[in-house]
């Protein structure tokens with residue numbers, strides 16, 4: 001690969017003299033050149049295993065694991081050495097004594113209230129982040145000065161310093177073969193942490209860039225700052241000055257930061273009224289342009305206009321939302337309801353934050369989920385991008401309401417005990433130039449990699465340069481902003497695989513060979529960024545959750561950064577959904593139980609997974625949901641209970657329940673469901689879109705901007721006269737089963753049977769025994785089930801219950817007594833009836849009392865009772881249904897009579913003689 005870098009820019013440092021470097025500052029990177037030449041320079045990457053040459057446009061690739069250094073350079077100069085080298089700084093340093101701010105006041109830093117020092121930083125330093133209204137041209141090395149007024153800054157929260165990074169080798173000895181790469185990666189991470197501590201006052205201060213950049217309000221006026229080193233001139237324009245580019249001209253400092261201070265009006269009112277449209281007018285190498293400020297907090301699209309407009313958002317105190325409820329603690333097992341605000345209405349329209357708060361959140365709580373993951377929060381000008389082509393990273397989407405509406409939604413979720421996770425996009429950015437970050441200052445390599453490396457050819461988007469100091473500030477501050485300002489409880493990071501590899505995971509098959517993860521294709525800069533953002537999240541917000549969307553299976557992904565890992569709490573177990581689609585394209589006879597079990601349990605030791613049978617990806621136009629794969633067009637005509645069912649419907653409903661339960665039961669430590677899929681939402685998602693004319697002349701047909709398939713028909717799941725209702729109630733029972741037993745996070749997991757002949761899978765998780773019979777016709781009487789603990793077992797969940805659209809072939813009052821003797825590598829066993837296409841969960845009943853699971857927090861609903869005791873009843877779900885006639889079923893598909901089980905007699909009857917495999921999974 002060939003990378004060219006046009007120049008270099010140092011981070012903003014209040015303790016530095018002005019730089020006299022004679023080079024272009026349009027590109028920014030952590031990878032600094034080592035020798036300063038007046039005419040040209042080359043620099044060596046300190047992150048990746050290749051060397052970059054900005055003149056020859058060539059790269060030297062190391063055949064070994066060594067980092068190549070050109071002959072005329074060495075790698076002995078650190079970032080700190082370069083920043084402190086007097087040879088590359090100006091001699092005309094100014095200090096901060098008697099410093100007069102642009103608001104006319106004098107300030108000093110009160111060291112008693114502001115130390116900006118983290119663990120491991122013995123000196124500490126005052127940073128630009130603390131000098132909110134300081135002209136960055138007047139910077140000095142002093143940490144305290146004397147003047148007329150004091151600036152009180154809150155003491156920073158403590159983020160633990162880096163550790164040794166060596167524990168990963170104890171956890172996974174296979175990593176030893178790649179120690180050089182991993183130690184190099186950890187060394188880069190430690191170096192950046194140290195430099196952030198030294199020059200920016202620590203990760204806490206560094207991640208509060210929104211207090212310095214963009215619009216900041218003080219008692220005397222408004223300061224606006226923007227990093228745009230490529231711009232030749234800049235001015236702030238908007239409604240407040242009639243869009244006059246000559247009215248409020250900005251000044252540029254030595255580091256490419258443009259600034260202007262607007263004093264209050266004579267009557268004390270702010271110079272820019274709340275709600276005013278604003279943009280930055282720049283003369284750039286690409287021409288004159290008006291851009292939305294990169295740090296804008298709100299943007300809207302005016303009627304009849306295509307580009308968005310930035311909005312100065314600073315409502316009066318009485319209009320600002322005040323959070324009333326504490327954020328919930330992180331649950332042991334996280335059960336996520338993936339959602340999208342705009343398409344959350346049953347009606348064909350764009351829904352609002354307020355409607356979602358009032359209508360959808362109570363539904364999520366009633367279903368038994370404990371977290372809601374919200375997509376498309378960051379502003380995106382193209383609605384059909386599903387929120388993944390972000391244009392304004394700090395602005396919540398105005399399609400759905402105001403920032404205060406979003407805060408109200410999150411506060412209501414917290415009142416209900418729900419975590420709120422944000423689907424955050426830091427993997428790429430919209431390529432829009434008018435209302436996005438692309439070509440912001442007129443240069444190709446501003447926030448992004450220059451040249452082809454900065455473009456994602458499949459997504460048609462721009463790729464961030466994670467080696468840039470200001471990009472790190474921007475993205476880390478962005479994550480901090482959503483947690484701090486809006487009280488989100490964590491993130492699902494989108495497109496992490498694309499970030500971690502220069503090939504972006506495209507046209508690459510990951511086989512599990514470790515060289516695929518720790519080679520030349522690994523983007524170490526991006527991996528280090530993820531380590532930093534996880535440090536930030538877990539250090540400042542210990543209860544927050546970070547989930548990464550990685551399809552590659554990167555080792556160390558969910559191990560702590562102090563141990564050498566990347567630091568996520570969970571990875572998405574993405575292979576499971578693909579496996580189900582693969583199987584649904586086959587005949588039932590071709591399903592292999594061992595294949596299913598292997599896919600579900602193929603997880604890395606000590607690295608937690610959030611598993612799902614399907615997410616929004618499977619619901620998009622061009623794909624199918626599980627329900628549609630299973631039942632197809634029959635869903636249009638045979639889902640009403642007053643109509644006879646069909647074999648396709650019977651099969652589909654049965655397998656839909658089994659697939660979801662075995663996915664939750666065996667696939668991970670967390671579970672995710674996309675809204676509506678709990679009841680088998682029919683059809684696909686298709687956002688409103690018009691006809692598109694591509695540059696190559698091709699035309700992509702639209703859907704006449706229809707919202708018909710961009711909504712969620714929750715009414716289908718609620719209608720007790722439709723078969724969707726039974727599927728929804730089963731999903732609800734699954735969530736409450738996990739809530740009661742916590743089996744997903746239990747350390748005890750044992751797979752005792754995966755029988756290809758019987759099509760039976762049996763496993764233990766916690767004190768539960770799961771029995772799945774995937775056979776399409778065969779039901780088994782007196783089927784022996786191995787177990788660990790002795791005693792009496794009872795049914796606590798039965799997919800064949802009529803409440804869930806089943807045939808009621810099991811006796812829920814039956815008791816199952818264990819008998820001694822090894823079977824399937826278990827010391828005991830009990831006998832059950834295993835009907836075809838059913839999943840049944842048994843719990844040890846002895847000595848355990850049953851208590852109803854109350855749905856509280858303002859959700860009116862009857863409790864769900866899980867039978868965990870001797871005298872308890874099986875699961876009872878509250879439903880709002882009328883009495884319905886018995887459902888006639890196909891004889892070929894089911895057996896209509898219930899076989900009564902003799903559970904006290906130890907007899908082995910009709911089991912087929914097949915090879916039994918047993919397996920322990922950790």
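Just so you know, glycine gets a Cβ as well, placed from its N, Cα and C.
Feature annotations, reproduced from Swiss-Prot:
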| type | residues | note |
| --- | --- | --- |
| TRANSIT | 1-47 | transit peptide |
| REGION | 83-130 | region 'Disordered' |
| COMPBIAS | 99-109 | compositional bias 'Basic and acidic residues' |
| ACT_SITE | 494 | active site, nucleophile |
| ACT_SITE | 549 | active site, proton donor |
| REGION | 870-922 | region 'Disordered' |
| COMPBIAS | 897-922 | compositional bias 'Low complexity' |
List the Cα distance (Å, whole number) between the residue listed as 'active site, nucleophile' and the residue listed as 'active site, proton donor'.
6
Determine the Cβ neighbour count for residue 549 (active site, proton donor): the number of other Cβ atoms within 10 Å of its Cβ.
21
If you count Cβ atoms within 10 Å of the Cβ of residue 494 (active site, nucleophile), leaving out that atom itself, what do you get?
21
Taking DSSP as the reference, which of helix, strand or coil describes residue 549 (active site, proton donor)?
coil
